[in-house]
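Asks: Quick one: structure below, then a few questions.
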Ligand SMILES: O=C([O-])CC(=O)C(=O)O
Ligand SMILES: [Mg+2]
């Protein structure tokens, strides 16, 4: 009998059995073992699946969330893996398990407890977690994502349990690469990083903002089929200026004011190059919920030299523009027929405004004319050319108008008479009944987007929007609102959230090995999203397809991006860059390079790379390089072993 991590013993029969099936002799350093081990490593490097089920034995199989299938292990698997008897007798299908998950979640009254249940499920049985999410997006997304993830971030110090992602602090300067090496997965292809300075519309949550990269990456897998082990959430902790957190004994981050200036910039520079050194030039780095100023600066600084995008600027822009494309089917107007008013002049507003201009330019409107149709107001009122120079930094200046200053939003709306009103201000209730009524006075179908997240920060509720416009509004919000009953008609407004965009963009970018991401990608994403909107969605009051179809939307976006990427070869990794990357990582470039030529059927090619949400067999397999071939296994009940086998 040999020692087991749990309570003691694993039967020798089981060990012998598994070893024989694997072709492994009992001496670990035997030539046979080494050969198989090398084969396993090569297999993983190509398929991306890191864990070899048959290398993990006994209770560890149940403790590993990537291998655990709960009661779905068959009798044969339980015997071969040495877990027979560690579970009750019942066998369950994954479908039966999903039903139990739903029952369990519904038993919780509080959203935070539902969130914790799902965190726990992900830590226990990863495939079940992702299947649950991917097949019940409408029900689960508000829990793992906005709005509940906002609450989870606010309570992060209270609910933090175990590692999911990396915390890199400013004190790690000079050693960021070493910290990255502590992450156990060698095949990371996508990172979502935040410094927690502007978490949703909730402000500076410091290290508690880690909930956001975790939630975003859960959607990478659930909505776009990107493999979980290829996703890495990172919080770069440079301190926080949130006084409450600094005084909170439960706070889990660095207890110091934010480091800014050159020191901060050098730290982020080091972070970016450490990512490339560790995971390669084409590792996707999604910036999320950075403060306004830094978000724009970093996007401009890194966009051409790294594979990066800013979700709050570009992802939000694409979802809003996708909604506006869809609205043209209701109003019959083109982009150029509109006068667009933004309230808030931060990441989301500027990003959407810039992409609206790009959309108009694509329709043949000159840039200056396009910018002229876009008005913007911030906390100090209408953006006018009379503003102090420092007030009009970055792209804000493109939207400042020759107009006398107006502070009050109702006055602004009365004066400008926009056809589209977009809120990205994180100020709940900013769109008052009077403002909504004003919009309805001169627009047959006023378009109002209340995009601030989470739901508690939206500029108005869906109900207020419909009630104050005689039900004529075309409405979207960033976070979900329940259906509205307007004069007996049930209206289901859509959720203009970047979750429709970033998973599909990530899939397209990762699959094609792009090394930087041009803005065109987001216009493509917006168009593909709009193309997925059905007439019945528009009739039910939504500019977006149902959340339960986001997986299809992601795939379509990825197909669109793949076509674009191959048409614009210079954004893909060159053969030489590929060779260097794979040489450094010790992977046979030959095997991987065979995926490089342009795939004819792009959808099929992408589908072939997606994560499998269904349980796979846990029975050992073997293969001969390079083609994995299943090995015949023989399930033998331990009791039937012969004397000779028992002593092997
Ligand atoms: O996370 C979300 O729901 C959308 C988003 O990026 C933000 O509000 O910052
Ligand atoms: Mg965000």
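Every residue gets a Cβ built from N, Cα and C, even glycine.
Whatever TrEMBL says is automated annotation, not expert-curated.
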Asks: Report the candidate from 265, 269, 304, 312 that shares the divalent metal cation site with 288, 289, as recorded in TrEMBL.
Replies: 312
Asks: Roughly how many Å lie between the Cα atoms of residue 289 (divalent metal cation binding site) and residue 145 (active site, proton donor), rounded to a whole value?
Replies: 14
Asks: I'd like to verify something. Among the recorded positions 198, 216, 288, 312, 453, 497, which ones have a C-beta closer than 6 angstroms to some atom of ligand 2?
Replies: 288, 312
Asks: Counting only other Cβ atoms and using a 10 Å cut-off, which of the binding-site residues 453, 497 scores lowest?
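Replies: Ranked by other Cβ atoms within 10 Å, the binding-site residues 453, 497 bottom out at 497.
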Asks: From the recorded positions listed here (198, 216, 312, 453), select those whose CB sits under 6 A from an atom of ligand 1.
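Replies: Near the molecule: 312, 453.
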Asks: Between residue 453 ((S)-malate binding site) and residue 312 (divalent metal cation binding site), how far is it from one CA atom to the other, in Å?
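Replies: Roughly 11 Å, rounded to the nearest whole number.
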Asks: Name the residues of the same chain, 6+ apart in sequence, whose Cβ is under 8 Å from the Cβ of residue 198 ((S)-malate binding site)?
Replies: 204, 289, 290, 291, 292, 295, 312, 347
Asks: What's the CA-CA gap between residue 497 ((S)-malate binding site) and residue 145 (active site, proton donor) in angstrom, rounded?
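Replies: It is 11 Å, counting Cα to Cα.
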Asks: Need the DSSP three-state call for residue 288 (divalent metal cation binding site) to compare against my parser.
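Replies: Residue 288 (divalent metal cation binding site) sits in coil per DSSP, no helix or strand.
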